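Student: One structure, pasted below without further comment.
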Amino acid sequence: MSTKGAAFLKEYKIVMVGDGGVGKSAMTIQFIQSTFVDEYDPTIEDSYRKQCLIDSECAMLDILDTAGQEEYSAMRERFMRNGEGFVLIYSITSYHTFEQVQKLHEQIARVKDLEHFPMVLVGNKCDLEQDRQVPTSAGRDLAKQYNCQFFEASAKQNVRIQDAFHGLVREIRRSQQEKCKKQKQYDEKQASLCCIVM
């Protein structure tokens, strides 16, 4: 790629959010490296980058894998402030993690001072159907409440992992286009007010 082409590569800041052990790191590494990491090693903070072609547009995904443990809540808020889009993850094998996702959603909304922000909801570990505690319908209903896309995924089997990340980039793009449109309308309204005053 030429340096001129690289200068126009749009970067998207994505934050992985969910309780400890839901598979945030496994999902991220599966997306970045097409590898499943079996052992659980609690993350404090890891950052990954991947260039993708999404809907014929190049995108650089800057993915921040955050700590799920409560003691890192203050650090997580800093990441939330800077994130453009969020992958909210729970494990279908743990209802507690589903409840935590709702608390994390509230935390993001408070930190960003926004009711709606680009996000996708992911029920991970769909390969463990025999251990399911969270019905698919509960995830679907929560996503409808949040007005976001919902995916049941498996980091282990690489099921719908790419769909979730690409879906989030589409949401970020849509949100940015809406902001630009509103700003343009506001600017035009201000310009017309200036003309009237003169």
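From the backbone N, Cα and C atoms, a Cβ is placed for every residue, glycine too.
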Student: Looking at 40-48, 49-57, 94-102, 139-147, which stretch does Swiss-Prot describe as motif 'Effector region'?
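Tutor: My reading of Swiss-Prot: the motif 'Effector region' range is 40-48.
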Student: Using a 10 Å radius around each Cβ and all protein chains in view, which of these binding-site residues has the most neighbours: GLY21, LYS24, CYS126?
Tutor: LYS24
Student: Which three-state DSSP class does GLY21 (GTP binding site) fall into?
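Tutor: Note: GLY21 (GTP binding site) is coil by DSSP, not helix or strand.
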